[in-house]
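The Mn(2+) binding site annotation in TrEMBL covers A:CYS139, A:HIS141, A:GLU175, A:HIS199, A:HIS395. The domain 'Peptidase M20 dimerisation' annotation in TrEMBL covers A:223-310.
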4 protein chains.
Amino acid sequence: MELTQQQLVQWRREFHRFPETGWAEFWTTSRIADYLEQMGFEILLGNQIINRDFVRGRQQAVVEKGLANAVAYGAKQKWLEKMDGYTGCVAVLDSGKPGKTLALRFDIDCVNVMETKAPEHIPNKEDFASLNDGFMHACGHDGHITIGLGTALWLSQNKDKLSGKVKIVFQPAEEGVRGAAAIAASGVIDDADYFSASHIGFCADSGTVISNPKNFLSTTKIDIRYQGKPAHAGAAPHLGRNALLAAAHAVTQLHGISRHGEGMTRINVGVLKAGEGRNVIPSKAEIQLEVRGENKAVNQYMVDQVMRIANGIAVSFDVEYETEIMGEAVDMINDTELVGLVEEIVLAHPKVHSANANYAFNASEDATVLGRRVQEQGGKAIYFVLGADRTAGHHEAEFDFDEDQLMNGVNIYTALVQRLLG
Amino acid sequence: MELTQQQLVQWRREFHRFPETGWAEFWTTSRIADYLEQMGFEILLGNQIINRDFVRGRQQAVVEKGLANAVAYGAKQKWLEKMDGYTGCVAVLDSGKPGKTLALRFDIDCVNVMETKAPEHIPNKEDFASLNDGFMHACGHDGHITIGLGTALWLSQNKDKLSGKVKIVFQPAEEGVRGAAAIAASGVIDDADYFSASHIGFCADSGTVISNPKNFLSTTKIDIRYQGKPAHAGAAPHLGRNALLAAAHAVTQLHGISRHGEGMTRINVGVLKAGEGRNVIPSKAEIQLEVRGENKAVNQYMVDQVMRIANGIAVSFDVEYETEIMGEAVDMINDTELVGLVEEIVLAHPKVHSANANYAFNASEDATVLGRRVQEQGGKAIYFVLGADRTAGHHEAEFDFDEDQLMNGVNIYTALVQRLLG
Amino acid sequence: MELTQQQLVQWRREFHRFPETGWAEFWTTSRIADYLEQMGFEILLGNQIINRDFVRGRQQAVVEKGLANAVAYGAKQKWLEKMDGYTGCVAVLDSGKPGKTLALRFDIDCVNVMETKAPEHIPNKEDFASLNDGFMHACGHDGHITIGLGTALWLSQNKDKLSGKVKIVFQPAEEGVRGAAAIAASGVIDDADYFSASHIGFCADSGTVISNPKNFLSTTKIDIRYQGKPAHAGAAPHLGRNALLAAAHAVTQLHGISRHGEGMTRINVGVLKAGEGRNVIPSKAEIQLEVRGENKAVNQYMVDQVMRIANGIAVSFDVEYETEIMGEAVDMINDTELVGLVEEIVLAHPKVHSANANYAFNASEDATVLGRRVQEQGGKAIYFVLGADRTAGHHEAEFDFDEDQLMNGVNIYTALVQRLLG
Amino acid sequence: MELTQQQLVQWRREFHRFPETGWAEFWTTSRIADYLEQMGFEILLGNQIINRDFVRGRQQAVVEKGLANAVAYGAKQKWLEKMDGYTGCVAVLDSGKPGKTLALRFDIDCVNVMETKAPEHIPNKEDFASLNDGFMHACGHDGHITIGLGTALWLSQNKDKLSGKVKIVFQPAEEGVRGAAAIAASGVIDDADYFSASHIGFCADSGTVISNPKNFLSTTKIDIRYQGKPAHAGAAPHLGRNALLAAAHAVTQLHGISRHGEGMTRINVGVLKAGEGRNVIPSKAEIQLEVRGENKAVNQYMVDQVMRIANGIAVSFDVEYETEIMGEAVDMINDTELVGLVEEIVLAHPKVHSANANYAFNASEDATVLGRRVQEQGGKAIYFVLGADRTAGHHEAEFDFDEDQLMNGVNIYTALVQRLLG
């Protein structure tokens, strides 16, 4: 393997062709591991990088179907065994010389979008469109994997110029901000002095980099499930325990959670499904919601209120309940040392003509969970946006991005490594 | 004293002139005790007849004001001391001969109604209208006291013709069905083999008796109070714990309590007061409600749901709460032996021309609490309606009743005594 | 064709083998029409018997799939054309002699139940189990069709002994009480002097008849749909119009509809589905509910409240809405003349040993819509229950009934005809 | 009259001694008019300065009681007649020379606080404490009146040095942000090129001025009243129209109004009173609420939602309703020209040592309604805070302020006049 634009495009298109949804990236992980093994990395998988107590939004049926598809598509048994049902991997490069530790993170999952059949869509024209029906790399994570592999390849070829260690995290289930918490909680990057992650495209065009996006929203995704008891709605309604009515009251209470004096909040019950039939007291209900906060503390306030209401409703309606955290991201403030470093690198780069430090991200990203973990251990973290022209918005069926920017991404990461560990 | 129509009218008008509200019948009790003492009865008061743990809906401010008024109006200190703050009395007549025990119950409180000033209103014309502003015997309990005293007088004069015992209960606080529970729980009539109570007027005209009213509704009156924490609604709403919002949600849950497959139910939140000011997170809320049920079990189902909801809301909104039972009545089914007896008595009476056994009462009366207590101990109970023409509906400012029916009432009670203890 | 037990069993099993759900009984109607045509009846179909404005709970997708299945199973084109998408038929026999008109009604739809595969289940053992996967005649309507055809056969063979007219209604979509209203509103039985309908089994065993079931519950089945506007729950929640939140508040208001002082009521929101995704302001919501009342007026009170709330919520949340009546049944009181007649017939029947006049039906049946229509036009109506032993409860996968009772049913109907039109 | 510190203190104490609440400042207005008349001003009153359609939060009972007290305390009949029930006045000084128009505003109402009896409280020690029981100038508006009169006195003595016009607005009912809207809507200051208002004390100490307070919150105070129909909760609940239940549901909907993507919002239902008795379907309910928004548009969004919900609830519960705007204030941004001017004046003043331009006001003030009116007509506006040491917080019973700062206030206003009209 050689670090060429051709190699990057080949990787990107290979992964684009078989997109896998969060916690089902079995083939994807397997294929990344193949390449990393060829490059000579130590590869951590399964329990080595995943703390199962912090796994969010992983549905058994999705995992099982994904695993079957991955096996059919050629995922290697030896990797699957090590994964033990949990996707993602971490490549470790130890220079053997004392020095700092740098963690890099690339997310690998796709979104549940059916790729367009339009003939002018480049993946169709050049024959690398999704073979996994209903799934598509419509958020550019195929590009992220590629930049991660490109960076890994450079590292494997330049190990002797470095001191310290590099850990390259290929993270599952970023969509729905579900995967980072389990990796953070595994402790696998707790020794990192530096952390960097990035997103391709977003609102930045080819040739620009946003070095210091602000206003990451803290968010938590929660499901509440109520279990009551059915009864005949005509003959014996008093014998029922009404999960639908409980859920409806829960929704009215949840939307009434007080504003917070110290920052913006959000609450949305996005989905509610309840009941079995018109003439039966409903015994089951499910609520899917999310809260957000201007910062971690304000978001936590919202989570606390949700949990209290979920419980109070169960008491009022004599139903059983469970809550499940399906995803979470926090806010993060880039460390100025790293912002300065990225700006220097970027402005020195012939193909990047501007760096913007003041963009309001106004969205959630679970790389922040990893970044803050490193910061809490005393390290420094940065998240930047790598500009790339797009053919459509992220998550749209017509999404595609400018592949020429992949090498810029690799260059920034390798320059960062040289500056920090060189 | 002689048992004449004139005596009965005199008593009735004396009590009509100074009506006292529930748990504040200090002068009324004192005056009844005066008469009973003259007749030679043993008189039980205060702790002898009231179990304070079961006192319902007694407000300290009302009691204190009532006591002051009663003293000013001439209530005797010796009775007040024995009452020790708790009104009502029981007269005991022991024949000295072995026999059955018969308990009779007469209620003594008034309603919070301002008596009409209309000159054609007989209490105005004949100068016995209420002197206690804002209070009125507009439900006929002045008549009940009178029938009780008349019966007592006959008993004191005919003691030697009887065997066994008679206990005459002058019960406080029937309005709001608050007083009977405390007397029942005192055990003072637990030895009764028979129990009888009645109401004057209601829907029966002069000359008729309803011997077997049906469909007494079980009911419970409950207050719920929430205590939260105030906070500035603009600057720091998240620091408040909102008792008003809690109460509003409680109301929506309470009204949604499921119908019962085995009988009619009712729920009414009749009063809600909450909040201190427009720009403060409300810290206090009070709900006054009642539930009803076709029978005691169905009513209890409603009470259980109310208690569960009161608690669940407190959990949801992180507020403190208390519930207080302010009144209660149960359903009761008259014993057929006593119904038959009353019908015989009534039909033999020259001034009563019909007895109706099939009237649906469709209301609540806390004599049922005493009647069922006797039934649960193996005794028999009856509640009947003594017809009397009225000038207006019960609880209306123009209410008055046909005083000629008072003697009929005494006659029925004394005939009952003769038949049961003669 | 001969009116024998063998013929009845053959019919019952033929219809059992191809059950069709409400408003999809295309093959069933076609096959009934075949037999009626052979017997020489005038056959009314489609617009002749269905007023489309009163069709309840007919889903286009179900109709289309049912039609395709029916065609594949051999439904005749000439009947399908006359049906014009609306199932059911009415057979008319005009004696040519002046006289009364008698309407009989038999319902023909199945339930959405998967028939058991248990080998001891007679339809499996004797090879007439459902071929229409997921559907089953588990409520005995195959028996009803059979009794209707048997009665029709007898009529065709005894026409000369009768005066007046007979109209035999084969009604679609009884399950969910959806089909009768459209037939009633077509006016097809408005000339009937007498009306009779019945159910097999229910709670009566072989050899018994319930001549006068009481307590039919009036009921209305209603769907409410809210349409709002989606928006990003993080960035611009104020731009959304929240259909889920509207629906949740609707549920809390609906369950709080006041009890009625004049009779039992019920409300059940049995199903609620709302929302598209966790981070989108939900734009769609659907509520499926039913109300019931002790009589038609009390049920109508409930319907009126539901409609008012559906509207008020739309105003509060600025969402569009529609309501759809998905089914309805009323209460009905049997005419004593017909009750007496059925009891006479039944008690004279060698195979029926008892008639019970006092059974509380406590359920809904849309034959009442037809019966009351006849009563409102001055005619008389009866609904009775024809006892039959069952192997399991109605609507259960193991349900089967005693085929020997089919001839009893035919005998009762033909005796009725003879008594009324003979 | 001479413009001396002694005169200012005399005025301040005279007004302190007879505080009047919002819309009841009859004596206060009368007394101000007396002084203005002596100084030779044209005085506008009643309809000349008040548009009654925009009067907020004026309660008839309060007005009548206030009027009676004012008359008793010596308010002059001639002024009362011109007021015609509506307090406040505007003094107009026309220099007779062409020039700009400058409007100044001073608020005159007190708060509903009982003044402390503590002997160390200066108004007690020096005998000028409130004679109007339950009311107190505890927010410093007595000082505002004084500064207004001092400025007027200076103007009357220096008229010949000026060109253009000055309008001095003595505004009623600032507490609850109720009075400014009616004055703005009267158009009385629509010709103003400049507008200035101020507050004494607040968070600024003696010797400082806050020249450019920021973050005025827009707010609207709204009452909602529901009128239903009472009914017996046991016998005929279905005949009632439940205003309490309507109000409770209104509260749950109101607190669920969506957050706004473009700025902070607040909602508080601060008071809820409903219902007449425990066993009566409640027929009356009143909600007192306030909304706030980061700016006028966001606040208006909240008001629109409140109005929609108030209406939707009325539809759902078949009750009548009315909404009343009880107060309102907007945000305002000071014009930089005037901020600069005030800073210059202040820094040149020997007794003021600092000006602070960056204080976050974070509260509401209805001078903003007048200031924005002027800005919308093309004029410029400023609101500043005149520092003054206080003995307790505003609205507290122990509140008093440093009277030495009164002359500073007059100096700033007269300097402004000279700079703008000199």
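Each residue, glycine too, has its Cβ placed from N, Cα and C.
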Other residues with Cβ within 8 Å of the Cβ centroid of A:CYS139, A:HIS141, A:GLU175, A:HIS199, A:HIS395 at the Mn(2+) site?
A:ASP107, A:ASP109, A:CYS110, A:VAL111, A:ALA138, A:GLY140, A:GLU174, A:HIS394
For the domain 'Peptidase M20 dimerisation' (A:223-310), report the average pLDDT of the model, please.
95
List of residues, in chain order, with Cβ under 8 A from that of A:HIS395 (Mn(2+) binding site) and at least 6 apart:
A:VAL111, A:VAL113, A:ALA138, A:CYS139
Binding-site residues listed as A:CYS139, A:HIS141, A:GLU175, A:HIS199, least Cβ neighbours within 10 Å:
A:GLU175
Helix, strand and coil residues within the domain 'Peptidase M20 dimerisation' (A:223-310) as assigned by DSSP
30 helix, 31 strand, 27 coil
Name the secondary structure element type, per DSSP in three states, that contains A:HIS199 (Mn(2+) binding site).
strand
A:HIS141 (Mn(2+) binding site) falls, by DSSP collapsed to helix, strand or coil, into helix
